[in-house]
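Going by TrEMBL, these are the annotated features:
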type: DOMAIN; residues: 311-388; note: domain 'REM-1'
type: COILED; residues: 318-385; note: coiled coil
type: REGION; residues: 394-487; note: region 'Disordered'
type: COMPBIAS; residues: 406-422; note: compositional bias 'Low complexity'
type: COMPBIAS; residues: 434-444; note: compositional bias 'Low complexity'
type: COMPBIAS; residues: 458-468; note: compositional bias 'Basic and acidic residues'
type: DOMAIN; residues: 500-562; note: domain 'SH3'
């Protein structure tokens, strides 16, 4: 029993050994075929990589170009800023270089798509066909061997020898050559991928250099100077405040508050009852225009002549006018050159009629001359505006150190005495009604240069019943013209009534109003117009809430006058 089991085990081991030897003798064509298939699939993976890489490059280039165009902008303000500021110009150049980089990425995508992808596809098809042919040949050889073995068993050994000695090695050599060629093609495909990218590296490097060069062109000093040129106004620095003498306080104590020596007709001083006027800080006069309105006289109203760009400050107006002049002159020169060229062509036609009809040029020459005349008229117009603006700046001091922010009517020293004289001359015609007539006097002092070397204080005057005028200088009054000294002084002061509004105005800019006679206003503030601009660039206004009055630059206001 045990012997039978031993025989059975030996037979089983013999069969296993035969199977193992059969497996050892079996060729590896299937393994080679699988390896070749994997190699071809790997080559196709290279092609797929190149194709997807091309899509990514195209998408990246498109988004990069879109970002550059979106950041560049096409507004007119951006174009003007690009001409003015270097940092805007540099950023624009940087975006252009980014567009160049996007173009290079499109080149990479194009080469990956056209060259590498098509190359890999063609080679893969070729290798698949060759592999298929080899496998078909192997199958054919197997079939032939099978039939030969079936029909001629005696020829088996010879066929087997032929198979292993000649046919099979030849086929394996072809498979080996095929695999070597496939590996070489894979290497070429990878190299082409790298070359496609490295070929554009110099161009990208130049783009980066141009970007650095564009950034290096930023000039902070130039840009800051352009900001200063664009924003400076040209208004001069306000002058010093004049000293205003309100008289000797002792006189008020001695006369129990009834002394009229230091009382004046201007708004804001003490009244006969000893109470301070509510408008003590808001009275402002411009020469004696107030007296002219109340008592008659010359009222020459100069029309506002701000002209084009009149809402701008003087320096900004000059800059804009100069730029407009340069533009007009360039256009005129260009038109003149076109006319000269056409005139030469007409002369050529006259000399040689075969080349053309000279009469055809007459209409265009006339049109050119009209354009030149129109441009010359515009140049003269803007040149006149420039001269007027320069004259305005010169008349107001011309520089920041000349005190040009103060209105001419307020700075004038002679206006004080002129207003007083006009007031005295008009008092003779008023009669008994003079006590109720409102009037104002200039609120600033006059420096006459006295003999003792000190400045005289401004004379302040008041009317009595008989129209006599008492003046004070440092607290002492002179004798009255029509009365008998201090007995003729009345315990009464005539306050100035509120002037009627001539219209409304809206402040377009803020104004500090640090000079005497001027008033601080805020942007967007609504005001009442009290006096028109007399040609000196200042308009008298009144605030709606505080009733404060003062002068502000006319160019800062948007006026709406009431119909007369």
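From the backbone N, Cα and C atoms, a Cβ is placed for every residue, glycine too.
In this model, the domain 'SH3' (500-562) carries an average pLDDT of 89. Across the domain 'SH3' (500-562), DSSP classifies residues as 3 helix, 30 strand, 30 coil. Taken residue by residue, the domain 'REM-1' (311-388) breaks down under DSSP into 72 helix, 0 strand, 6 coil.
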